[in-house]
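Heads up: the structure comes next, in structure tokens.
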Amino acid sequence: MTATQLERARAGEITPAMERVAERENRDPVFVREQVANGRAIIPNNHQHDALDPMIIGREFATKINANIGASETTSDADEELEKLHTAIQYGADTVMDLSTGGDLESIRRTHIEHSPVPIGTVPIYEAANRVPAPPDLTTEDLLDVIDTQARQGVDYMTIHAGIRRDHLPLTDGRTTGIVSRGGSILAQWMEAHEAENPLYAHIESVLAILREHDVAISLGDGLRPGSLADAGDEAQLAELRTLGELTEIARDHGVQVMVEGPGHVPLDQIAPHVEEQREICDGAPFYLLGPIVTDIAPGYDHITSAIGATEAARAGAAMLCYVTPKEHLGLPDEEDVREGLAAYKIAAHAADVASDQPGARDWDDALSAARYEFDWGRQFDLALDPKRARAYHDETLPDEQQTDARYCSMCGADFCAMRIDQDARGDGLDALETGRPLANSAAAAVNVPPTGTHDTAGLPEVPEILCEHGVESVVAEDD
Ligand code: SF4
């Protein structure tokens, strides 16, 4: 049986995946190995996922973002699912979770894994629940069988809600929004019906044996995460977090890579203390947060309410952020919602990386600022987080081709363009300006340059026209 990245790191080996991650993050491979060996970072990398371009999740590395996709009972077309995968990666997702609950689940997942250069995550209890008439009909064998099937297919990480225990359920009685995690609510119903402990907790060793065999990372789910500010930081959430700390140690002892999931809805001032608390309780395991949403008053804008929380969480040390779209709490996101959500989260992750001085992160900002001051509109668009939108907004009011050479835009107009006036006043014009700031050796280029996220687009066949419009190589090549 091939050892996991964790076991190999502990044995002192620098694996090809670690070498690749070091190259992409502009880090020493020895440092990468140490971070994996001590559990501070993970490289989700199922032995069966041949299309994967390895990436790393840990607080010492660039903040990553995840996008959720998946078929439902009403939308379950395989081509549509492949399109969603491409959209997610095009707009910068570092990992993608297939949360399908309808259609041919195995076939859809196989398609995702075959085509995805980014790690694929799943929540196996969704498929298990799909197999039975009602949650209480689930058996431990069902759960283990689904986990085994998905691990054999090549899933790189799985959310396992093993931390929600029978003793925790009464702690949710006074909540404003009860249990809002799908996995958490299914398991709570099961425990109440059977008057028994959570089977994922009771049989965690069997779960870990499967995950270890295929090097699937465990993402310890927070089934009791708060669904409102009113419930943030309550005893139910903290009791589960303490169990997640216990499970972190058990998983590591079994050679399984671990990250821990977090909330949800948290007031802004409580986010950094909560990230710190997780780090202490879970011994520095990478923290993967959904948002968090910092105010409950803005349905329709929760990509913004949560990106504020996500920025604070990442600045405080969260390693990965699960994006939220404007449709959160309201409906199934469409492609435009995915684009809005991912843009909001790329901004959150990058802003935090700049603030925490990740190697090369600021280079992207500096290159774009230089292009802006030089009135190099083409380069400004190319470097923009969303080149299509930047170009479209500019061309809305100055559409002529010649206007792309203009030393102004329509915001202040030709006579009042402050940057043009400033350059003229300095007297040396554009000639004295620094041009072409290099990005090729920067982690910003390898990790963040838009719109393809952290991954090599060559691994994405089938819909090349989407991915080649603003490929990483074309942006980097200008600086060589
Ligand atoms: S016109 Fe105003 S907004 Fe436009 S480039 Fe000049 S200073 Fe910037």
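A Cβ is built for glycine as well, from the same backbone N, Cα and C atoms used for every other residue.
Annotations in TrEMBL come from automatic prediction, not curation.
A quick note: this is a predicted structure, and the numbers were derived from the prediction, not measured.
Record features (TrEMBL):
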| type | residues | note |
| --- | --- | --- |
| BINDING | N68, M97, Y126, H161, S181, R182, G183, D222, G223, L224, R225, E261, Y288 | substrate binding site |
| BINDING | H265, H329 | Zn(2+) binding site |
| BINDING | C409, C412, C417 | [4Fe-4S] cluster binding site |
Filtered binding-site residues, from S181, C409, C412, C417, whose Cβ is under 6 Å from an atom of ligand 1: C409, C412, C417
Cβ packing number for R225 (substrate binding site), 10 Å threshold: 27
Cβ-based neighbourhood (8 Å from the centroid) of the [4Fe-4S] cluster site, residues C409, C412, C417 excluded: Y408, S410, M411, G413, A414, F416, A418, M419, R420
Lowest local Cβ density among C409, C412, C417, which the record lists as binding-site residues, within 10 Å: C412
Cα-nearest neighbour of Y288 (substrate binding site) within the listed binding-site residues, H265, H329, C409, C412, C417: H265
Other C-beta atoms that fall within 10 angstroms of the C-beta of Y288 (substrate binding site): 27
Residue among binding-site residues G183, G223 with least C-beta crowding, 10 angstrom cut-off: G183
Set of same-chain residues at least 6 away whose C-beta sits under 8 angstroms from N68 (substrate binding site): V96, M97, L99, C322, Y323
Integer Cα-Cα distance in angstrom, H329 (Zn(2+) binding site) to C412 ([4Fe-4S] cluster binding site): 39
When distances run from the Cα of H265 (Zn(2+) binding site) to each of the binding-site residues Y126, S181, R225, C412, C417, the nearest one: R225
Cβ neighbour count (within 10 Å, all chains shown) around S181 (substrate binding site): 24
Helix, strand or coil at N68 (substrate binding site) [DSSP, three-state]: strand
Proximal residue to Y126 (substrate binding site) among binding-site residues C409, C412, C417 (C-alpha distance): C409
